[in-house]
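Annotated features, as they stand in TrEMBL:
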BINDING   Gly19, Gly21, Lys22, Ser23, Tyr24, Arg115  ATP binding site
REGION    39-62  region 'NMPbind'
REGION    114-124  region 'LID'
Amino acid sequence: MSELDADAKPNILITGTPGAGKSYLCERLAEQLNFDWLDCSKIAKEHDYIEEHDEEYDCPILDEDKLMDHLEPLMQKGGNIVEYHGCDFFPERWFQAVFVVTCPNKTLYDRLKERNYNEKKLSSNIECEIFGSILEEARESYKADIVHELCGETAADAAKSLKTVKQWYPNIYNKLHA
């Protein structure tokens with residue numbers, strides 16, 4: 001288990017390719033479980049935890065150390081849903097569950113195209129999903145029993161994912177405070 005305060009709620013990581021449905025899920029989970037939603041991309045922009053801008057992919061390069069320093073005290077308190085499209089740099093001790101949201105390529109392509117991703121960025125993200133890169137990264141970075149795959153294609157999938165996480169929550173909360 002992670003280093004949480006004695007009466008803390010667990011911390012959850014929601015990760016997956018951009019456009020897979022992470023934010024949709026995080027917003028609802030934060031509201032329904034009364035957790036704090038920590039969107040790492042927003043935090044990085046708000047606090048200038050950006051090292052540089054990648055022109056080829058038209059995206060910011062995260063300063064992981066600054067983000068980690070910012071998150072550390074929040075994670076000790078528990079009750080956080082952390083959202084980011086990568087996961088291997090987050091300490092394992094922070095999370096009691098890691099949920100990887102996946103999405104079929106056609107749906108993902110349409111969502112990223114709608115976001116006006118350039119061709120290089122769009123292709124890279126689709127390839128990432130095809131090869132299951134983020135799910136593999138999560139499985140390599142965390143204990144197998146805390147990594148769960150969720151589907152983010154449809155509203156019905158999102159509802160099922162929400163139900164899955166909400167069913168997981170009381171079990172881990174009770175385990176933490178046994």
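Numbering starts at 1 and runs along the chain as displayed.
Backbone N, Cα and C atoms are what each Cβ position is placed from, and that goes for glycine too.
What you see is a predicted model, and the numbers here were worked out from it, not measured in a lab.
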For this session: Tell me the residue counts in helix, strand and coil for the region 'NMPbind' (39-62), as DSSP assigns them.
Result: 7 helix, 10 strand, 7 coil
Exercise. Apart from Gly19, Gly21, Lys22, Ser23, Tyr24, Arg115, which residues in this chain have a Cβ no more than 8 Å from the mean position of the Cβ atoms of those residues at the ATP site?
Worked result: Gly16, Pro18, Ala20, Val101, Arg111, Gly152
Exercise. What is the maximum Cα to Cα distance, in Å and rounded to a whole number, among the residues Gly19, Gly21, Lys22, Ser23, Tyr24, Arg115 annotated as binding ATP?
Worked result: 15
Exercise. What are the non-local neighbours of Lys22 (ATP binding site), defined as same-chain residues 6+ apart in sequence with CB under 8 A from its CB?
Worked result: Ile14, Thr15, Gly16, Glu83, His85, Val101, Gly152
Problem set entry | Average pLDDT across the region 'LID' (114-124), rounded to a whole number | 94
Exercise. According to DSSP, how is the region 'LID' (114-124) divided among helix, strand and coil residues?
Worked result: 7 helix, 0 strand, 4 coil
Problem set entry | Gly19 (ATP binding site): tally of other CB atoms within 10 A of its CB | 25
